[in-house]
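Per TrEMBL, the features are:
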type: ACT_SITE; residues: His97; note: active site, tele-AMP-histidine intermediate
type: DOMAIN; residues: 4-110; note: domain 'HIT'
type: MOTIF; residues: 95-99; note: motif 'Histidine triad motif'
Amino acid sequence: MDCIFCKIINKEMPTDFIYEDESVVAFGDIRPSAPIHYLVVPREHIQSIIYLQKNHQEIISKLIFTAKNIAEKFGLKGYKLVFNVGREGGQIIDHLHLHLLGGWKNEAGKINV
Ligand code: AMP
Ligand code: ZN
């Protein structure tokens, strides 16, 4: 399968992980849209939220808790967690990922909802 995030996870593409464990990895977005922009990615290849099954509840919860822990590590008081879902939802990489965006000065994070 030609999936760039699977290649990153399998270490076929050198990428620094800010966090990794048995089920998720997290790394910096190559084209950051915010001062702090990380992607939290399950090791399992799930195409998108559209393809979620009931047995994925645990991994979705894990993605959110991992993002929360990274945000706390950076001392973020506020941030955005974003899933782009399908092409119409702006998803480009077909391997499920949660965007953690933050680090704006003032209240810049209030715009672009
Ligand atoms: P999405 O639009 O939700 O599919 O987001 C995919 C994100 O992956 C984009 O923000 C890209 O900048 C990011 N991205 C693509 N390739 C890489 C890569 N090799 N390493 C890190 N981030 C990447
Ligand atoms: Zn994949």
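Glycine is no exception: its Cβ is also placed from the backbone N, Cα and C atoms.
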Over the span of the domain 'HIT' (4-110), count residues by DSSP class, listing helix, strand and coil in order.
35 helix, 25 strand, 47 coil
What is the average pLDDT across the motif 'Histidine triad motif' (95-99)?
98
Protein Cβ atoms within 10 Å of the residue listed as 'active site, tele-AMP-histidine intermediate', excluding its own:
25
